Amino acid sequence: MDEANGRNRAKTDSGAERRISDSGKNKRESKERVTLKKEIGLLSACAIIIGNIIGSGIFISPKGVLEHAGSVGFSLIVWVLGGGICALGSLCYAELGVTIPKSGGDYSYVTEIFGGLVGFLLLWSAVWIMYPTTLAVIALTFSNYVLQPAFPNCLPPYIATRLLSTICILLLTWVNCSSVRWATRIQDFFTIGKLLALVLIIIVGMVQICKGHYDALEPQAAFEFIREPSVGQIALAFLQASFAFSGWNFLNYVTEEVVEPRRNLPRAIYISIPLVTLVYTLTNIAYFSSMTPEELLASNAVAVTFGEKLLGMFSWVMPISVALSTFGGINGYLFTSSRLCFSGAREGHLPYLLAMIHLKSCTPIPALLVCCTATIVILCIGETHNLINYVSFINYLSYGVTIAGLLYYRWKKPKLVRPIKVNLLIPISYLVFWAVLLGFSLYSEPVVCGMGLVIMLTGVPIYFIGASSTKLPQDRIRARPCQYQGPVRLQSAVCLCPKCKW
């Protein structure tokens, strides 16, 4: 009997020791786990939204909006309504961001709601075409404006613009690889800088209006149409304005790095979108205070023409301001698009190496290098503006699919806890506008929109060939060490580690 009790006590003590040992092991593993740091506060969150929206668009799109809208007054209405539509979409994304708290934005939400194939198609078009092309165009805008003072009577040389653009991309990639804090500080600084540049334009424009220079803004002249408007042209005017507002959803790509996302995500949206809409509208009013519609349509660089007419010897301020604006835009796009690539690898739709982060700096270095490389390749190809026309349709298509997913998720999981729950009229209103906009855009530009769809659908065979089996658990890596020896050695060499334990 005593021997039996002794054996039972021994078993109990042994079990307790094992539990204590397991508990200690779990604690050590939780301490050793490396994750993306939560370093994005409310100010940096606002800076990411504003910095990504205000890039080269406000200096390019006014001409396109006026050309398709047909009159000054209607173009201003398009700018205001464009901001309102972005606000509706942002509110929907705020609900998705706290309900599905993953980095990756549209891709993560669509993958969670509709499954891997739809999510992969968005990821495919975004990582390899959409964001690298946009980055390339912004970088080229930056280099053109920086080099313009050196070539006042002609366009800067092709090689010079590509070389400067590449240097800019490489520099900002290094910064983003080195520290999240550095990247967000750069974003904060250049966001303030670009807002000050636009404030300068607005102040000079308001001074002109106070002096009585507002002929183009008087009601009779403002709504005098250059040509008869059509529904298709109006849709294209909204697409042009939407290009300038693109980036309003980028904070959702870094949700996991936002401090208290349930509070700061909606606050950043409430602050940023109305502010950008106000700035854009006032900037266009300022343009029309010094330029006639014909002069604006004839200008290839609206801000430079504005500066030459009103700033005199200080006209050099405008090219520098545009360069600062685009530099901050490049940093913001690199920061957020790399997180999309990181999220895609973590879900198994891209090689697992891209889901790794640096052990010390906690930055997704492989994902950043992929985004940098894709951008430089497109820079070398050259014809980026045509690619932008193709993929802009995909961009707005992804917005609609994501917000439609919100409605489906409400129906699929009605009891799911939602810290933010928008009124159903908001996503429905957005989807009605979205369907009309894309329908008439497809009618007006069938080749451009059709090519956008073709680019997206090329991802279908890629998904079934290899993407669905890309994500590999650790035991399979250990079972076939020769196949993964290269990535493992690279991982050790550059101090990379998985985002979490497999």
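From the backbone N, Cα and C atoms, a Cβ is placed for every residue, glycine too.
Any TrEMBL annotation is an automated prediction that lacks curation.
Pulled from TrEMBL, these are the features on record:
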{"type": "REGION", "residues": "1-30", "note": "region 'Disordered'"}
{"type": "TRANSMEM", "residues": "40-60", "note": "transmembrane segment"}
{"type": "TRANSMEM", "residues": "72-93", "note": "transmembrane segment"}
{"type": "TRANSMEM", "residues": "114-143", "note": "transmembrane segment"}
{"type": "TRANSMEM", "residues": "163-183", "note": "transmembrane segment"}
{"type": "TRANSMEM", "residues": "195-214", "note": "transmembrane segment"}
{"type": "TRANSMEM", "residues": "234-255", "note": "transmembrane segment"}
{"type": "TRANSMEM", "residues": "267-290", "note": "transmembrane segment"}
{"type": "TRANSMEM", "residues": "310-336", "note": "transmembrane segment"}
{"type": "TRANSMEM", "residues": "357-381", "note": "transmembrane segment"}
{"type": "TRANSMEM", "residues": "387-410", "note": "transmembrane segment"}
{"type": "TRANSMEM", "residues": "422-444", "note": "transmembrane segment"}
{"type": "TRANSMEM", "residues": "450-470", "note": "transmembrane segment"}
Spell out yes or no: are there three or more C-beta pairs under 8 angstroms between the transmembrane segment (163-183) and the transmembrane segment (114-143), with each pair 6 or more apart in sequence?
yes
Under 8 Å, at least three CB pairs between the transmembrane segment (114-143) and the transmembrane segment (422-444) (pairs 6 or more apart)?
no
Is it true that the transmembrane segment (422-444) and the transmembrane segment (267-290) have 3 or more Cβ pairs under 8 Å, skipping pairs fewer than 6 apart in sequence?
no
Might you confirm whether the transmembrane segment (357-381) is in contact with the transmembrane segment (267-290), defined here as three or more C-beta pairs under 8 A between residues 6 or more apart in sequence?
no
